[in-house]
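Down below is the structure, laid out as structure tokens.
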């Protein structure tokens, strides 16, 4: 068995062992609260990084881990749809909607993209046209010239715009939800008519996840009011088994049929979210996952460029030393960016 497999097993064991009963006592019902959301984001970004490390052949893992990045993206999108809908149920769609999204998503992205533009120009003598630079800074460089993984930023910004417009409509929530699925259908089946094929493919693969998260956000709370908490947690626990079985059936066929890839991503994300909901009901949380999850977006902004473009993984002859340097650099930069963003916003 490759050393990378042993390392991954060790990481999983350490994270699992790090779960402790939190001081907050958990949730009243098996529900994804803020702590659960942050931990899920931590899992998601680790899956994305593992996928990229395998793609660059820096680590050797079983074939199925080639798709782990898509599993992480699925978790992010389900949580985004879920979280926005929960916010909508509490506060409606206020005029501060875009201000909050800007500070959380757009501002860090603009800062990091500006850094890449400067580094490329100063140290690599590589410049971009004004149009490419401006599109990149706004999140709409569809050619993803600077960082090919930034298709997700464009995708999530579009979903934020769609969500705002749809949920501002004076109509029932069920109708709004249907409209979200209509847009998902367009992303799935017709994005290639307008957008570059590589981006359209990614958007199509993940098209329905955001509205599925919104669906859960709208109706899960209502279910929790009807069904007793212990009965609901039992139902979720039972549902985990077929969910992961479903995932195991489709993950190995992910490249054969597009739909298999889609179903595998959804099943994995749903299974992990169900497990986290159960863990939070019993007041369990992991400090390492909370730490990673709290800087998950910042890690996403930094990881690929240092990994695939600036070759930090090959800074030394030894993989372990290069890997450690890579981890320290992106974590330090992510924490610094988060603190800087907090200062700017406040």
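Cβ coordinates are placed from backbone N, Cα and C, and glycine is handled just like the others.
Annotations in TrEMBL come from automatic prediction, not curation.
Summarising the annotation, TrEMBL assigns transmembrane segment to 6-22 (among others).
The annotation transmembrane segment is assigned in TrEMBL to 34-53 (among others).
Marked as domain 'Acyltransferase 3' by TrEMBL: 40-337.
Per TrEMBL, transmembrane segment is recorded for 65-85 (among others).
Annotation source TrEMBL lists transmembrane segment at 106-129 (among others).
Long-range contacts of the transmembrane segment (149-167) within the same chain: residues 52, 73, 76-77, 80-81, 84, 88, 93, 97-98, 101, 105-106, 109, 113, 136, 139-142, 176, 179-180, 183, 198-199, 202-203, 206, 210, 214, 300, 304, each at least 6 residues beyond the stretch ends and with a Cβ under 8 Å from a Cβ of the stretch. Annotation comment: TrEMBL describes 149-167 (among others) as transmembrane segment.
The annotation transmembrane segment is assigned in TrEMBL to 174-195 (among others). Here the transmembrane segment (174-195) has Cβ contacts under 8 Å with residues 81, 142, 162-163, 166-167, 201, 203-204, 207-208, 210-211, 214-215, 218 of the same chain, all six or more residues outside its ends.
Note on the transmembrane segment (201-219): residues 70, 73-74, 77-86, 88-89, 151-152, 155, 159, 163, 173, 177, 180-181, 183-185, 187-189, 191-192, 195, 258, 261-262, 265-266, 269 of its chain, located 6 or more positions outside it, place their CB under 8 angstroms from a CB of the stretch. Per TrEMBL, the feature transmembrane segment maps to 201-219 (among others).
Per TrEMBL, transmembrane segment is recorded for 231-251 (among others).
TrEMBL lists 263-282 (among others) with the feature transmembrane segment.
Positions annotated as transmembrane segment by TrEMBL: 289-307 (among others). Under 8 Å from some Cβ of the transmembrane segment (289-307) lie the Cβ atoms of residues 15, 18, 35, 37-46, 48-49, 52-53, 56, 58, 104-105, 108-109, 112, 116, 146-149, 152, 313, 326, 329-331, 333-335, 337-338, all in the same chain and six or more residues away from its ends.
Under the heading transmembrane segment, TrEMBL lists 319-337 (among others).
Per-stretch counts of Cβ pairs under 8 Å to the transmembrane segment (106-129) identify 319-337 as the leading one among 34-53, 231-251, 263-282, 319-337. Outside the transmembrane segment (231-251) by six or more residues, the chain places 29-30, 64, 67, 223-224, 260-261, 263-264, 267-268, 270-271, 274-275, 277-278, 281 with a CB less than 8 A from a CB of the stretch.
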